[in-house]
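Asker: According to TrEMBL:
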type     : residues : note
DOMAIN   : 6-130    : domain 'Peptidase C39'
TRANSMEM : 162-183  : transmembrane segment
TRANSMEM : 195-215  : transmembrane segment
TRANSMEM : 272-292  : transmembrane segment
TRANSMEM : 298-315  : transmembrane segment
TRANSMEM : 384-405  : transmembrane segment
Amino acid sequence: MKIYYQESEHDCGVSVTRSLINHFLKKEVSRTELFDQLNIRDRGISIFELESINKKYGIHLEAYKLSIKELQQNPLTGFFVMLLYRNNSEHFVIAKKYRSSCLLYDSELGRFRVNYQQLASIFSGKILLVEKIDSSSKSRIVVNYAEKELSILKLPRWIRNISLELVAFGILIVSFAINKLIFEDVIQSHHWGNIGSILFFSVLVIFIWSLVEYLKSIYYLKDKQWYFKELYRLLLERLERKKNYFFSKLAKNQYLLAQEYIETISLFYSELLSTIVSGILISLLVSCYLTYLQPYFLVLIVVSMLFKSVSFYLLHKLDSSGIERLLKHKVGIQKLIFKLNKFLKYEWDFSKFSFLNSVLGAELTEWQLTDSFFQSRRVLLLKLNFFLTQVINCSIYFLGAYLYFQNTISISNLIMAGIAYMQLSSALDRVILNALNWAKYSNSVTQYKHLLFNDNLPSLSIQSLKAKVIELKRLSYHNGEKSIFNNLNLSIFPSTFIYGPSGVGKSTLYKLISAKLPDGVNSIFINGVSLSNLWESSLNTVIIYQHSKTEPLEFDWVRLKQSLSEKELELVLDLASQIDIYDYQPLRTTELSDGQRQFFNFLYLCTLKDKILLLDETTSHINSVVRKVVFRKLFPILFERNFVICSEHNLELKDFFTHQIDLSEKL
């Protein structure tokens, strides 16, 4: 096993990856190539990131937790990765187990042997087993995320619920018809003899209608429970089949929100979808009936639809902002409950208990206040809608009275028109309100599908890719605290400058495009091909993501000289001298200032070709005079050879780009 010694304090994960690739794949991978694909923080890379980067090259790591005694007794053979805790930080090493000791291949200390007693003092309790992935097998099962759909909608249940809605409406129609007969019989014959039987039959019909409504609510509840259990069953089945590495793929908040996603999907399948369809049918039937009675009623129907659409749209916007804030508090409450539960199981400290209890109480109070705030405004909008509904209902009676005196409508038809409008109003309320929840349902399905199919991205043979356009189609992303993108549609062309206020989502967008956040793989398209259908290894070499704190990359003066013309090279050397770096000076990355580091990372980009470069404030520390020259003279080199997307705090720099996008206007 070849050891690649680390060049900085937290390079151990990169060095371990290089060693594994060299040993199992007989392939040399540079430190720079791995850095391009990772977002290395001050504490190094996580277990998940180590697993992810190795998977891209065809090596599967699977994490396990065990004690030093279990490690000693376990009959492990071959190499595995061990996580040590040394110098107050975690450290990856490659290990091989023997009967009385372990042989460690350490990127910091080299190759040495330790016994289990010595190992116990630094062992963190975590190991990762190593397995080479055989990508050549024709029998390999590939699950295409793009084609995978949730086929859990049961048509018999859906048709039954729609039928119950229409039956309930039909019974109401019968009841209305009976009432009409009563009025017409009394008015025309002035005979009260049949009133008793007609009233009895009318009461019976109303009783049957109430019974159907009761059955409908029971079926809705049962269906919601069935879908809820079915969605959880599917999720648990998928989780059972997943390898251990999957469970570190998403933030804890995403798992806490799984119940919210499942509840939304269950409610939509069990009730909202059938309510929307039946509501549309009922609205059409009642509208046709009212128009048949009197064409003037059509004007009131259109006005009613406009008023309701506006009021419910405002209600939807209020709910959207309220749900986001309430979800944040809900997740915070769940985290605190888990933390309090763990505390009560394993430790006892009254001051800490009091602190956790007070924080939980404060979070619950904040949640209740936020909920009360939005509920009060919600009630206000609903009352406004009710008032407008009654105004239009009275308008029907006023118009009907006028038409009655003109002898163009009978009194019974006038009463029927008023009753029919109330049914139309109720149906429109259900259709508009439920339709406005479609985006929430769609986002829940996207996130739920991500939990199900996230680790099964397909491997299609697309080895080279020269990007012409990047398209975002209905991109949604929730970070567990707030929704960053909601059904975002956007086309990005080469030489684009993306700007917007802090927190609008520029960095998140770059991480989604580079698949560092895997949530958007089915909503982001390069030349019409979704990220889910690209080779991961190709994707990682094609898309280069740099941010303001990207570590110094391996730099080769000779390669730069080969990539630039004589005039361009002369300019680069002149700029380098302005930041105290001179002709072909050997670099010691630990001694570079932030500005020097960013400058050399940029020069590394000048050696690339046919790449997608995502540059997130990569020149923020460079001298302002040098930076302007870089954008004016050197960025055209990047534009000519690569697909460049850039963001900077200094908005004056956007003039150097062909396209500009204000991300805040697209949200």
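Using N, Cα and C of the backbone, Cβ positions are placed for all residues, glycine too.
TrEMBL: automatically predicted annotations, no manual curation.
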Asker: Restricting to the same chain and to residues at least six past its boundaries, which positions have a Cβ under 8 Å from a Cβ of the transmembrane segment (298-315)?
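Answerer: For the transmembrane segment (298-315), the far contacts come to 287, 290-291, 378, 381-382, 384-385, 388-389, 392, 395-396, 399, 421, 424-425, 428-429, 432-433, 436.
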Asker: Would you mind listing the long-range same-chain contacts of the transmembrane segment (384-405), meaning Cβ under 8 Å and 6+ residues beyond its ends?
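Answerer: Hits for the transmembrane segment (384-405): 294, 296-297, 300, 303-304, 307-308, 311-312, 315, 411, 414, 417-418, 421-422, 425, 429.
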Asker: State the residues, same chain only, that lie 6 or more residues beyond the ends of the transmembrane segment (272-292) and have a CB under 8 A from a CB inside it; answer 'none' if no residue qualifies.
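Answerer: Sequence-distant neighbours of the transmembrane segment (272-292): 153, 158, 161-162, 165-166, 169, 298, 301, 417, 420-421, 423-424, 427-428, 430-431, 434-435, 437, 441.
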Asker: Looking only at the domain 'Peptidase C39' (6-130), what is the mean pLDDT?
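Answerer: Per the prediction, mean pLDDT sits at 85 for the domain 'Peptidase C39' (6-130).
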Asker: Helix, strand, coil: count each for the residues of the domain 'Peptidase C39' (6-130), based on DSSP.
Answerer: 42 helix, 46 strand, 37 coil
